[in-house]
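A short write-up of the structure that comes next.
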Amino acid sequence: MKLAKSSQFPPCPGPVVTIVLDGVGISPREDGDAVKTARTPTLDKLMTTYPMTPLRAHGTAVGMPSDEDMGNSEVGHNAFGAGRVFAQGAKLVAESIASGHLWQGKAWHDVVATAKQGGCLHFLGLFSDGNVHSHIDHLRAMLEQAKQEGVSKVRLHILLDGRDVGETSALDYVDPFEEYLTQLRSEQFDVAIASGGGRMTITMDRYEADWSMVERGWDIHVRGLGRQFASAHEAITTYRTELNVIDQDLPGFVIAKDGQAIGKIVDGDAVVFFNFRGDRAIEISRAFIEEQFTPFARGPLPNVTYAGMMQYDGDTQLPPRFLVEPPTIDRTLGEYLAKNGVSQYAISETQKYGHVTYFWNGNRSGKFDETLETYVEIPSDVVPFEQRPWMKCAEITDALIGAIRSGQYRYLRVNYANGDMVGHTGNFEAAVTAMQGLDIQLARLIPVILAAQGTAIITADHGNADEMFELDKKGAVKRDAEGRTKAKTSHTLNPVPFVLVSANPSYQLRTNLTTPGLSNVAATVLNLLGFEAPDDYDASLIQPL
Ligand code: 3PG
Ligand code: CO
């Protein structure tokens with residue numbers, strides 16, 4: 001994995017720093033755009049003073065099935081880190097189902113065999129067509145296949161989305177699905193929704209930010225402990241009248257009959273966690289798999305056949321049983337740098353920590369070289385982020401400035417979570433504040449990088465804060481009869497900025513790339529560090545002056 005020295009690009013005399021402004025895209029519209037609305041004098045100046053190009057960050061440019069698919073942090077950071085586009089989970093699962101490959105695998109055989117020996121087959125996962133963590137069509141296909149293969153009892157544990165899809169769209173998924181289940185149900189096939197709740201309340205924590213979410217999910221899905229309802233529809237409508245929260249924040253619920261939960265998970269059952277994306281799948285998978293488990297009091301561990309839709313962590317091989325082979329993302333930028341003796345520093349706050357480490361390194365949780373790599377996690381607040389839109393951006397900058405000034409690192413990368421995490425709340429004012437907080441960080445950081453004779457790349461993994469209002473099919477802002485807008489919590493299809501900031505560049509942006517995307521950044525970083533990029537990396541964004 002030795003990299004050749006570049007014949008065209010002298011190594012940057014100072015550090016190269018990639019700054020990912022998570023969820024900060026470039027929208028063609030004005031209204032609902034928190035990025036444009038915010039007062040961001042530093043970012044505005046950088047974008048007009050230095051070379052800048054938009055990068056594609058959604059759809060096929062990041063390995064999604066189609067250009068209708070928005071980008072997300074997993075595929076975005078995979079593309080940054082791998083320098084190439086890999087077919088991603090959403091696409092691989094859809095293909096595996098379409099070809100029938102999924103049903104031939106050992107993992108599917110194991111779960112079906114367990115269920116046919118008298119166990120119940122449970123499906124647990126994010127219940128929407130967001131295609132970021134999961135897709136409801138994959139669930140349908142598995143239900144139909146299970147029925148066809150003679151499974152007799154199935155229970156569904158549904159995590160309500162409202163974050164990758166409309167903020168109050170849960171019933172648009174639940175109601176038609178109940179009808180569909182009625183069609184599917186028969187004397188021999190007993191299928192029902194057994195539990196659920198908002199994805200930001202139960203089960204889908206990530207990076208160990210808040211294990212209590214997983215504990216609540218465990219109690220709801222596995223132990224059947226929680227507020228009881230007759231149906232998911234009833235749970236959702238009841239909670240909506242009692243609480244003023246959007247779908248992702250709805251509390252957990254248990255479906256019960258005569259006071260008894262209808263779908264506890266017990267010895268001899270099979271469980272399929274049907275999310276393909278790993279960050280929010282790892283903790284619940286650990287709870288199902290680890291014999292010695294300390295994060296919360298789990299109670300007796302039921303002896304179940306557990307399968308993930310994919311393997312979520314390549315380093316720890318979690319979970320060991322999975323339905324679809326994940327993309328084999330090899331020879332990442334991080335690995336090349338480690339093998340070529342280049343020191344690296346990666347930093348973010350908890351909510352995005354794994355994005356600049358695990359996703360960046362091709363869904364591996366470990367390091368390539370302990371002596372050359374430093375990973376820093378600033379603990380995130382555990383609060384609704386609209387209440388603290390600055391999040392930990394100042395603390396991250398403090399640490400990053402220290403790392404740059406130490407002179408110890410050649411390549412540094414940072415993710416600022418604000419544009420995305422606050423964007424997901426749907427709160428426009430908070431998203432504006434988030435952007436203004438970020439701008440202050442850039443004002444602090446960029447002079448330090450330039451003083452160290454370094455180069456900064458300012459970019460983003462996908463859009464979010466750039467569109468805070470729902471749009472109609474024609475791309476105009478949706479308004480109700482009173483002219484009110486509807487908050488949009490999900491990512492956008494917009495491109496993201498790529499701004500190259502350095503004092504005396506000996507290069508310029510390439511002009512012959514038609515639609516550059518996130519995967520072009522890794523080769524650019526290698527060139528800035530004075531290396532040739534590997535032949536199969538997507539083209540660098542720079543050329544000599
Ligand atoms: C989430 O997991 O928070 C959203 O589904 C996607 O957001 P991310 O891709 O920016 O992490
Ligand atoms: Co996001």
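Positions of Cβ are set from backbone N, Cα and C atoms, glycine also.
Note that the structure is predicted; figures quoted are calculated from it, not measured.
As annotated by TrEMBL, active site, phosphoserine intermediate applies to SER73. Residues or ranges marked as Mn(2+) 2 binding site by TrEMBL: ASP22, SER73, ASP461, HIS462. Feature annotation from TrEMBL assigns substrate binding site to HIS133, ARG163, ASP164, ARG199, ARG206, ARG277, GLY278, ASP279, ARG280, LYS352. Taken from TrEMBL, the feature Mn(2+) 1 binding site applies to ASP420, HIS424, HIS491. If you look up TrEMBL, you'll see 15-532 marked as domain 'Metalloenzyme'. Sequence annotations record features per position, and here TrEMBL assigns domain 'BPG-independent PGAM N-terminal' to 94-313.
Considering only the binding-site residues HIS133, ASP164, ASP461, HIS424 (Mn(2+) 1 binding site) has ASP164 as its nearest partner by CA-CA distance.
The 6 Å Cβ screen around ligand 1 retains nothing from the binding-site residues ARG206, GLY278, ASP461. Comparing HIS133 (substrate binding site) with SER73 (active site, phosphoserine intermediate), their Cα atoms are 11 Å apart once rounded. When the binding-site residues ARG206, GLY278, ARG280 are screened for a C-alpha within 10 angstroms of the C-alpha of HIS491 (Mn(2+) 1 binding site), no residue qualifies. The closest partner of ASP22 (Mn(2+) 2 binding site) among the recorded positions, by CA position, is ASP420; the full candidate set was SER73, ASP164, ARG206, ARG280, ASP420. Taken in sequence order, the binding-site residues ASP22, ASP420, ASP461 that lie near ligand 2, meaning a CB under 6 Å from one of its atoms, are ASP420. All chains included, 30 other C-beta atoms sit within 10 angstroms of the C-beta of HIS491 (Mn(2+) 1 binding site). Of all the recorded positions listed here (SER73, ASP461, HIS462), SER73 has the Cα closest to the Cα of GLY278 (substrate binding site).
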